[in-house]
Amino acid sequence: MILIIGPPSVGKTLLLKRLQNNHPTLIKEDVPATISTVGTNLMTVTVLKKTEVTIREMGGAMGPIWHNYYKDSHAVMFMIDMSKHTQVAIACVQLLTMLSHPLTQNVPVLIILNKIDVPNGLTNAESESLFRFDELTKQAPQKITIIETSAKNGNNLDKVAKWIYEQNKNEDISSA
Ligand SMILES: Nc1nc2c(ncn2[C@@H]2O[C@H](COP(=O)(O)OP(=O)(O)O)[C@@H](O)[C@H]2O)c(=O)[nH]1
Ligand SMILES: [Mg+2]
C-alpha cells in the first residue's frame, strides 16, 4: 500500500481522482468535487493502464496519527500546497517529522508540490530556502523524488503515475 499525506486541502483527493482516470493529464471534465477527508480514504488507481495500486489518504487533521500507517506502507507521498504561504511552514515541519520517523527510513518518498497553477504562490527561491530540498535529498536516508503538479490542470500527473508504477514494481520484486 502507498500512503498519501499532507496538510488539509492541499489536493490529495483531487490527485487520486485524477489518477483514477486513465489519462490524468488529459483533463476533459471539470474539476471533480472533493469533500474534506475526515479520517482515512482508500482508493484504487490503475497506473499506466495496467497496474492496480491501493493508495491510502490520511486526512490532514490526522497528522498526529499518520505514523500508525507507516508500517504498512511501502512508499509515501507527501503533498504540499505551494499557493498557501501561511501553511507551508507547518507542512515543512510535518515533512521533516515524517522523514525522521524510524519506520520511514527505508521507504521511497515522493514530495508533491501542488497547485503550481495558482498565481502568486511560493517562488522557487522561497520554497528552496524553506524546505532546502537540495540538502534534504542529499542527507535524508530515503530515496526522495520531487514533482511539481497541478491536480487541477493535470500538469505532471503522468510523472506521479509513473513514480507510483515504479514503486509497485519494486514491491513485487522485493516480495517475490
Ligand atoms: N487551483 C488548484 N486547486 C486545487 C489543486 N488541487 C486541488 N485543488 C483544490 O483544492 C481543494 C481541496 O482539494 P482536496 O483534494 O479536497 O484536498 P485534500 O484535503 O488534500 O484531499 C479543492 O477545492 C480542489 O479542487 C490544484 O492543483 N490547483
Ligand atoms: Mg481529501
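Residue numbering: from 1, along the chain as shown.
From the backbone N, Cα and C atoms, a Cβ is placed for every residue, glycine too.
Bear in mind that TrEMBL entries carry predicted annotations, made automatically and left uncurated.
The GTP site recorded in TrEMBL includes Gly6, Pro7, Pro8, Ser9, Val10, Gly11, Lys12, Thr13, Asn114, Lys115, Ile116, Asp117, and the single candidate from Gly59, Gly60 that the record places there is Gly60. With a cut-off of 6 Å between Cβ and the nearest atom of ligand 2, the binding-site residues Lys12, Thr13, Thr37, Lys115 reduce to Lys12, Thr13, Thr37. Here Thr37 (Mg(2+) binding site) is positioned 9 angstrom away from Lys12 (GTP binding site), judged by their C-alpha atoms. The C-beta environment of Asp117 (GTP binding site), restricted to residues of the same chain at least 6 apart in sequence and closer than 8 Å, consists of Ser150, Lys152, Asn153, Asn155. Within 10 Å of the Cα of Thr37 (Mg(2+) binding site), the following binding-site residues from the list Gly6, Pro8, Gly60, Lys115 place their own Cα: Pro8, Gly60.
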